[in-house]
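Asks: Supplied in structure tokens, the structure appears directly below.
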Amino acid sequence: MDDVKSQGRRVYRPTGGSLSVKPTGEASGTLGVRAKADEVLDTVAAAVESVEAASEGREPREFKDRGDRNGGRGRPRRDDRNGGGNGGHGDEPREPRAPREGGASVEITHLQQIRDMSNEDIFQLAEEAGVKDPANLRRHELMFRIVERQDRNIVVRGEGCLDIVPDGFGFLRAKENNYTGTPEDIYVSPSLIRRMGLRNGDMIQGIVRHPNPGERYFALVSIESLQDMKPEQVRHRPNFDKLTPLYPTEKFTLEDSNSKDRTGQVIDLVAPIGKGQRCMLVAPPKAGKTMMMKAIAHAIEEKHPEVTLMVLLIDERPEEVTDMERSVKGEVISSTFDEPASRHVQVSEMVIEKAKRLVEMGKDVVILLDSLTRLARAYNTVVPSSGKVLTGGVDANALQKPKRFFGAARKIEQGGSLTIIATALIDTGSRMDEVIFEEFKGTGNSEITLDRKLVEKRTYPAIDISKSGTRHEEMLFSEDELQKVWILRRILQPMGIVESMEFLLDKMKRAKTNADFFRSMNQ
């Protein structure tokens, strides 16, 4: 037999026999001390058990000694670090793992179920699911734990708007988070994006899986619906930039005969808005532009339910965002003034890409933007400096993307339209705002100008009739209506701003609709 010395031990390896180890030298002394210590601990533990049993009036439990560390009398050692007490692959089968306590009562089939919950509801659901220390976990971590603890046979679905990053992969952003990046987003792999021909702004719903170890997001496994259609039906859709733009020919009806507010009725007369219009609402501070945007939104929702309405609020006050969300049924996306300029830019780009994808499917979309001036300011902040600065501190390249946003409004010959009604600020005392307005002044095909003199006299809507109008309005009016609108403008032209609006509102009191108003002009 071979005699080998290794680490203070003499190993005898007989031919055909099993390996046996006998302690020698210093190692033998160390093991002896440890064995003595184990025996002392066992004796103390047995004594404590006897005292406790006597005080409780019961028989003492049999105490099992620790056994000697080299192998014989105690509990068996684990000989496989990845296995169980029987060595991982022993003869005795391992007992099956008990189900997680509370996991059976949790059944989340869609991530939107958790997103719609308040923090208190999610915390309570996590406790019911048996999540440990839910108070120390963040919202997205609670989502992971809740979904992880439910039955693996339950299929979980998720949805969102696709945002493709420069690295090639993407995320499904939630509208509840204004399409900004959060840990609750769903990861979309580059291979899935290429295989399905996905684009920025696609609304996707599909099956998701729980994050694997080392991953931080839910992952999209398969797509069930794309733009509310089957993925196969969307594969050969056209590209927005290659669609043919035309002048608007179908007018939005904004008047409301049941309301005392004449905003929609005046706009239909002075500056009609059609599907595919690129309208700029020029307003000084405190001129009622927000109220006018809200009135336009309500009219479109009531008169044109087939239209997809989106309200984009950039750099606005938080209370105005809440007021708009509660009063408008359409989708309200916001980035308030306390958010960084980069977020303003990211939110606006997500909204315009989503709108383009809808137009590619032949749908009519309306975006109400408040305000275009502040969006241009945000781009001026984040754009890399080109070294060429215009008057007012505007970078020469800063207005390229805001113009691309505003210029996306168009009527499509193949079907569908994108209408953008954006506010532009003037008389703010800022030279930059004046430069931005001048740059955008000729880009729209409809303009509504508000005047502060009318606001000071509390005359609403505060529209300057002489400065408001629509290009090619003959394509939105009938021949008879067009002639009467021209006659009306000739009558109002010699009057001042305040007198002309008061005269028009006085005549409108006798007519509930513009049709009645035109008939009264014949009398």
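For all residues, glycine too, the Cβ spot is worked out from N, Cα and C.
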Asks: Pick the one from ARG278, ARG317 that TrEMBL also lists for the ATP site with LYS286, ALA287, GLY288, LYS289, THR290, MET291.
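Replies: The candidate from ARG278, ARG317 that TrEMBL ties to ATP along with LYS286, ALA287, GLY288, LYS289, THR290, MET291 is ARG317.
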Asks: For the recorded ATP site, enumerate neighbouring residues of the same chain (Cβ within 8 Å of the Cβ centroid of LYS286, ALA287, GLY288, LYS289, THR290, MET291, ARG317, site residues themselves excluded), in sequence order.
Replies: ALA283, PRO285, MET292
Asks: Taking 10 A as the limit, how many CB atoms besides its own sit near the CB of LYS286 (ATP binding site)?
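Replies: I count 12 other Cβ atoms within 10 Å of it.
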Asks: What is the pLDDT of the domain 'Rho RNA-BD' (155-230) when averaged and given as a whole number?
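Replies: The predicted confidence over the domain 'Rho RNA-BD' (155-230), as a mean pLDDT, is 91.
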Asks: What does DSSP give as the helix, strand and coil breakdown of the domain 'Rho RNA-BD' (155-230)?
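Replies: The counts are 10 helix, 33 strand, 33 coil.
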Asks: Looking at Cβ-Cβ distances, which residues of the chain lie under 8 angstroms from GLY288 (ATP binding site) while being 6 or more apart from it?
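Replies: The list for GLY288 (ATP binding site) reads LEU450, VAL455, TYR460, PRO461, ALA462, given in order along the sequence.
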